[in-house]
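Participant: I am attaching a structure below and will ask some questions about it afterwards.
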Amino acid sequence: MVQIFKFLLKSSKSTGRAHFRPTFLDTLRLAVRGGHGGNGLPKYGGVGGQGGCVYLVAKEGLTLRKVVQGLKDKRVAASSGEDSSKASIFGRRGADQRIEVPVGVQVYDDQQKLIADLDEHEATCIVAGGGTGGCTATNFLGRPGENRTVNLDLKLIADVGLVGFPNAGKSTLLKAVSNAKPKIAAYPFTTIRPQIGTIEYRDLRSITVADLPGLIEGAHANFGMGHKFLKHIERTRLLVFMVDIFGFQLSPKHPHRDCLANVYALNKELELYDPSLLEKPSVLLLNKMDKEGAHEIFTKVKPLVSDLASGLEQCPEELRPKQVLNFDSIVPISAMNSSKITQVKSQLRRTLVRLAEKQFLADEDQVKEKLRQRVGVVGPKIT
């Protein structure tokens with residue numbers, strides 16, 4: 001009996017560890033070195049081959065986890081250039097090393113200076129240049145290649161980002177609207193790593209949705225790994241705030257905040273982390289409308305969340321933002337029984353289409369302005 005108990009205890013521990021093991025990787029540190037330049041040949045004035053370079057190339061469908069699995073270790077070196085010889089006065093260039101990384105990776109050096117932002121498919125950057133081949137300027141000695149450490153920081157690229165406190169129902173919504181299968185349970189912090197799902201429409205249009213782990217108050221100051229999660233909404237085009245209509249309490253040690261206070265709290269967290277996020281189009285979903293008393297609360301709170309500025313005086317000072325969100329729409333839903341899910345999908349699409357049209361017109365105006373500047377006052381008028 002004791003042996004059985006020990007076996008069950010061991011099994012439960014291993015399962016717990018497996019659940020919290022970080023399978024999602026969004027940062028990676030690599031040591032990169034360009035190839036050494038080949039030596040020249042003084043007798044004949046020969047020039048050594050240049051050392052190879054280390055490139056990063058953005059590819060869709062990749063993850064940093066796959067990048068790590070494809071490397072023997074986290075050190076990458078390009079080949080050295082060939083020495084000059086009688087048979088080959090100009091030494092051959094060393095072979096380059098190309099590392100494929102996910103789209104959305106930002107590359108930083110050890111001083112946290114941005115080297116490149118690989119936000120498009122096939123975007124490329126050199127992270128370690130090759131050494132110069134030996135020539136008269138170097139006394140015919142090949143120069144060493146660039147040797148340094150780079151940090152890769154992945155920021156997910158999705159159309160929609162789900163934002164909310166723990167246990168608000170974000171994962172349930174993601175499962176209802178998309179093909180994703182996130183873990184769902186009736187306790188906070190079910191989602192411990194970002195999840196991405198795709199909403200597919202009948203006309204083959206698709207929208208990607210990122211479900212981020214629940215935030216806590218103080219996320220802007222990196223409490224609860226807030227920075228690790230908040231950074232992923234920087235590249236999203238539309239923010240969807242998910243709030244429990246009955247409010248939320250993280251633990252018995254924390255105060256219970258009602259629905260309106262939670263909206264202000266989320267507003268404040270984003271403002272303190274990056275005020276520009278408040279300029280993004282946003283939608284508010286008030287969840288758990290299937291429960292008794294939800295409609296009465298919604299009737300009272302809808303006018304207030306429709307105009308957050310009007311209720312700032314009643315908002316607790318620690319939650320009061322300087323700039324308030326202006327929601328494009330407010331939808332009461334029940335993610336559990338899929339109530340109004342079709343309306344949510346339609347609303348997300350309409351908002352993104354409107355945003356794309358606005359961007360198209362802005363780009364068109366920029367093109368016209370550039371043409372006006374090139375043509376000048378003598379050319380034909382462009383309307």
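Including glycine, each Cβ sits where the backbone N, Cα and C put it.
From a predicted model like this one, the values you see are computed outputs, not experimental measurements.
Just lifted these from Swiss-Prot, have a look:
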{"type": "BINDING", "residues": "164-171, 211-215, 287-290", "note": "GTP binding site"}
{"type": "DOMAIN", "residues": "22-157", "note": "domain 'Obg'"}
{"type": "DOMAIN", "residues": "158-353", "note": "domain 'OBG-type G'"}
Participant: I'm checking region-level scores; what's the whole-number mean pLDDT for the domain 'OBG-type G' (158-353)?
Facilitator: 84
Participant: Around the C-beta of Met289 (GTP binding site), how many further C-beta atoms are within 10 angstroms, looking at every protein chain?
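Facilitator: Excluding its own Cβ, the number within 10 Å is 20.
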Participant: By DSSP, what is the split of the domain 'Obg' (22-157) into helix, strand and coil residues?
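Facilitator: Summed over the domain 'Obg' (22-157), the classes give 9 helix, 48 strand, 79 coil.
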